[in-house]
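Asks: Here you go, one structure.
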């Protein structure tokens with residue numbers, strides 16, 4: 001029987017008259033299903049109850065909450081001790097700059113180890129990787145808290161960075177596993193706001209903790225939080241990896257209940273084994289302009305609208321306003337956190353609304369992911385504006401509320417950009433979402449590691465008003481390739497084709 005089906009990919013939606021596609025149906029039957037907006041669901045869910053796309057909404061958001069909190073805790077662990085560098089340096093009799101090296105080492109390990117976690121998750125499942133990495137992060141945070149020497153602290157921080165890199169790299173892939181195309185904007189925005197704000201949140205409690213009970217309790221807090229999340233995920237985080245390829249589905253376990261996905265093991269990808277070439281998969285995604293241009297743009301803006309504030313605020317606010325560690329953590333953390341939360345409230349609904357309107361206007365035409373990029377303009381304007389406000393008001397010694405407002409505005413724009421770029425790339429290359437997320441993470445971490453070496457000396461030499469003006473101009477320049485993607489992205493993607501790996505996910 002001939003019937004209308006949906007040819008669904010992560011890059012377009014096309015209605016056609018054809019025989020049912022076995023990849024988009026189950027049991028040999030046509031499975032076209034429509035959503036509440038009267039349009040076909042993309043991708044088309046199977047008829048199995050354990051298909052994550054068929055899970056009830058409450059369960060999807062429970063899973064989203066867990067992976068989002070874990071991404072936040074990863075960044076939280078990375079920056080937990082930052083407000084206490086002076087105390088740490090005094091105890092181990094080193095300089096404050098040397099005290100910061102343990103955070104740099106952890107960040108470098110984070111971006112490198114994420115290249116290993118993704119292949120493991122694609123072969124053996126998301127759930128075992130989340131549990132293993134969370135347990136590892138909690139134990140190594142405990143080791144950092146009890147380190148008897150600075151060398152021991154650096155060693156435990158290396159292992160700590162390896163552990164918390166997993167949820168940072170895998171979260172976007174889980175979002176794509178469980179949410180339909182028209183739902184991903186809001187869901188990816190929620191994940192992105194947690195991912196972006198771990199480092200913003202940690203200075204608020206840890207600054208006061210370091211002042212009252214000592215810097216070691218910054219790590220004790222991280223260990224306790226990871227222990228709690230391990231217990232929660234053990235009973236409440238089902239496996240989200242699902243094989244839509246008809247050949248892979250034929251080899252899957254006959255267990256089709258959601259409860260069966262709480263097993264600790266047993267979801268290995270059929271016909272696939274771990275291979276060393278999986279490590280460089282994220283770098284293979286760099287040949288696609290839609291990915292590499294967004295990754296570069298996001299990395300640059302994350303550096304100048306988030307990390308740059310963190311690097312300079314201690315030097316500027318302590319000198320201008322006489323702030324101590326607790327006050328520094330509060331002013332920095334609250335400014336960036338409030339801006340990011342407001343940015344998320346704006347970005348997700350706007351993206352989803354843009355996609356729904358585009359599909360209603362052209363229900364029989366291709367709806368390309370580049371439509372989502374129309375939501376990025378707000379962030380592209382606000383990030384340079386926030387950077388300029390901060391730099392100019394610090395130079396002219398404005399009241400503390402004004403540079404804090406500049407940080408909040410920059411953070412608002414950065415959150416919009418993070419949500420749009422992550423969701424756009426996942427729409428373009430859904431099966432490779434984890435690799436795309438890993439590439440974003442590697443570039444973000446590597447660019448951020450360089451800022452501490454030149455930002456303060458540059459500002460001291462030319463003045464913060466000129467250094468931050470330079471950073472704002474750089475952000476504008478790197479936006480121009482995104483404008484080009486809005487116009488030419490679809491044509492370039494069609495010419496380059498699709499990656500050949502992860503096609504069954």
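If you go along the chain as it appears here, the first residue is 1 and each next one adds 1.
Cβ atoms here come from the backbone N, Cα and C positions, even for glycine.
Pasting the feature list from TrEMBL:
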DOMAIN    63-490  domain 'Major facilitator superfamily (MFS) profile'
TRANSMEM  130-149  transmembrane segment
TRANSMEM  161-181  transmembrane segment
TRANSMEM  188-211  transmembrane segment
TRANSMEM  217-237  transmembrane segment
TRANSMEM  286-307  transmembrane segment
TRANSMEM  327-350  transmembrane segment
TRANSMEM  371-394  transmembrane segment
TRANSMEM  400-424  transmembrane segment
TRANSMEM  436-454  transmembrane segment
TRANSMEM  466-486  transmembrane segment
Asks: Quick check for me: are there 3+ Cβ pairs below 8 Å between the transmembrane segment (371-394) and the transmembrane segment (466-486), leaving out pairs under 6 residues apart?
Replies: yes
Asks: Hey, would you say the transmembrane segment (327-350) packs against the transmembrane segment (217-237), going by three or more CB pairs under 8 A that are 6+ residues apart?
Replies: no
Asks: Considering only Cβ pairs under 8 Å, which range in 161-181, 188-211, 286-307, 400-424 makes the most contacts with the transmembrane segment (466-486)?
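Replies: Comparing 161-181, 188-211, 286-307, 400-424 against the transmembrane segment (466-486), the winner is 286-307.
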Asks: If you count Cβ pairs under 8 Å, which stretch among 161-181, 286-307, 400-424 touches the transmembrane segment (188-211) the most?
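Replies: The stretch I would name here is 400-424.
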Asks: Six or more residues beyond either end and a Cβ under 8 Å away: which residues meet both conditions relative to the transmembrane segment (161-181)?
Replies: 10, 13, 35, 41-43, 45, 52-53, 55, 60, 63-64, 67-68, 70-71, 73-75, 77-78, 105-111, 113-114, 117-118, 121, 126, 129-130, 132-134, 136-138, 140, 187-188, 191, 195, 240-242, 355, 422, 426-427, 430, 433-434, 436-438, 441
Asks: Determine which residues of the chain contact the transmembrane segment (400-424) at the Cβ level, with the cut-off under 8 Å and only residues 6 or more beyond its ends counted.
Replies: 172, 184-185, 188-189, 191-193, 195-196, 200, 290, 294-295, 297-298, 301-302, 304-306, 309, 313, 316-317, 320-321, 331-332, 334-344, 346-348, 351, 369-370, 372-373, 375-376, 378-383, 385-391, 393-394, 437, 440
